[in-house]
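**Q** Got a structure here, written out as structure tokens. Questions coming.
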Amino acid sequence: MAGSCLKGRFLSLFDYKTEKYIVAKNKKVGVLYRVIQLSIIGYIIGWVFVSKKGYQETDEAIQSSVITKLKGVSVTNTSESGLLVWGPEDYVIPPQGEAVLFVVTNFLETPNQKLGYCAEVRIFCRKLKCSVVFSSGIMSGRCLRKDENSNGTCEIYGWCPIERKFKPQGPLLTNAENFTIYIKNFIQFPKFKFSKSNVLETSDDSYLKKCRYDEELHPYCPIFRLGDITQRARYNFQDMSTFGGSIGIMISWNCDLDKGYSHCHPQYYFTRLDISVSNTTIATGFNFRHARYFKNATGESYRSLFKVYGVRFNIMVHGKGAFFCDMVLLYLMKKGNSYRERKFEDCRYDNSSISADPNQANIQTAEVYELVLLNRQNLAQCSDIKLISEIYRLHKTTSLALTHRRRLRTTLTYPLPNCNTHLVHLQKYSRLNYSLSA
């Protein structure tokens, strides 16, 4: 039983099968069938090709470089620092201009700190020894107090005097919102070998000196006012500058490279990154400390400690380049072979056959085409066996430094009067010391 079943399956492999079509004369079924067909065709043409541009090849591996420069001056006057003038070299951290930068808008200075012993104002004690590890310096273990019944403070060894408590009431660099930032962005789509900058190419040399970014008037101006950046992120700069914050500047390059170089422009988006989840001071803002060191005339080391508040700007670049995919043109069209011959070149290079004489090696392409008169029809006209042998000998030992040899075989149809003329041309060209590729 099992043997006959296997035999039947094996013999069925040699059966011939064909399809049977039934034509239903029903208009409802026919209309529904055509509607489904048109829907599929409309989806492919309208959505895939027109809307999503499925005929294009994309490159999302964008390569980017960002250079920034800030301009603006502010003045502060505090009891610790006195009258200070702040320039970009003072309020921009780091000052060299990177994709991430910090702009100081508020600060507390503790000037002229010196290494020594002093009281830690944040830690109180009643015992003779302090065991608290966290402090502004190294604990000496002593509790400094007036008498046994009073509270004292722990003594530390560190930079004295200690930084005082500080709660910002408002920004000290009051006009920081009028500072401007110049963002220079260079991008490249390596797959398409396309590169561009966000700086608008214009014949007006004074354009960058007077323009400010505006979505409607100057959408391609790379100079931004800090107050406008925070406003477009839906926040007030004065509120952010008191305790600090973080703003993201997104530069989007979505380029349809089929439209050309001049149609590829960036778009700018702004958002606040440090979204506050709590109203407590510890969870809001952005600040850090840094110091400036110096020595006096006697060589003693001092420093000025700065606790700075400000706005941190993160410049992020992303994008996608799309270009027409020529696979259909090269492999599915009737003239695909012709297109491929024009796009791709076969180069055969023999280093040993090139002459060392620069006068012989410096051959122009026009001269090569003029001298190469090797057509099979001309050879067919030859009846002299000696001439044919000499032609083939020169044909084999001479070089044509050409990359379009296949094209020459079919397109060069220069008629020659006789074999002698053909031989003269070959002898002339053989003196150029090029080797003809077989």
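Cβ from N, Cα, C; glycine included.
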**Q** Which one of Lys209, Lys210, Lys259, Lys307 goes with Lys69, Leu70, Lys71, Thr180, Asn287, Phe288, Arg289 at the ATP site, as TrEMBL has it?
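**A** For ATP, TrEMBL names Lys69, Leu70, Lys71, Thr180, Asn287, Phe288, Arg289; of Lys209, Lys210, Lys259, Lys307, the listed one is Lys307.
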**Q** Pick from Cys118, Cys125, Cys130, Cys211: the cysteine that TrEMBL pairs with Cys160 in a disulfide bond.
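**A** Matching partner in the record: Cys118.
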**Q** With reference to TrEMBL, specify which of the listed residues Cys221, Cys255 is paired with Cys211 by a disulfide.
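**A** Answer per TrEMBL: Cys221.
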**Q** Under 8 Å Cβ to Cβ from Cys211 (disulfide bond), same chain, six or more residues apart: give me those in sequence order, or none if nothing qualifies.
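**A** Correct list: His218, Cys221, Ile223.
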**Q** Round to the nearest Å and give the CA-to-CA distance linking Cys264 (disulfide bond) with Cys118 (disulfide bond).
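**A** That separation, Cα to Cα, works out to 62 Å.
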**Q** At 10 angstroms around each C-beta, which of the binding-site residues Lys69, Lys71 has the fewest other C-beta atoms nearby?
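**A** Ranked by other Cβ atoms within 10 Å, the binding-site residues Lys69, Lys71 bottom out at Lys71.
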**Q** Rounded to the nearest Å, what's the C-alpha distance separating Thr180 (ATP binding site) and Cys160 (disulfide bond)? Just drop the number here, would you?
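**A** It is 37 Å, counting Cα to Cα.
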**Q** Highest Cβ count within 10 Å among the disulfide-bonded residues Cys118, Cys143, Cys154, Cys221, Cys264: which residue is it?
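**A** Counting Cβ neighbours within 10 Å, the top one is Cys154.
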**Q** Taking the Cβ of Cys255 (disulfide bond) as the centre, how many other Cβ atoms fall within a 10 Å radius?
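**A** Looking across every protein chain shown, the total is 25.
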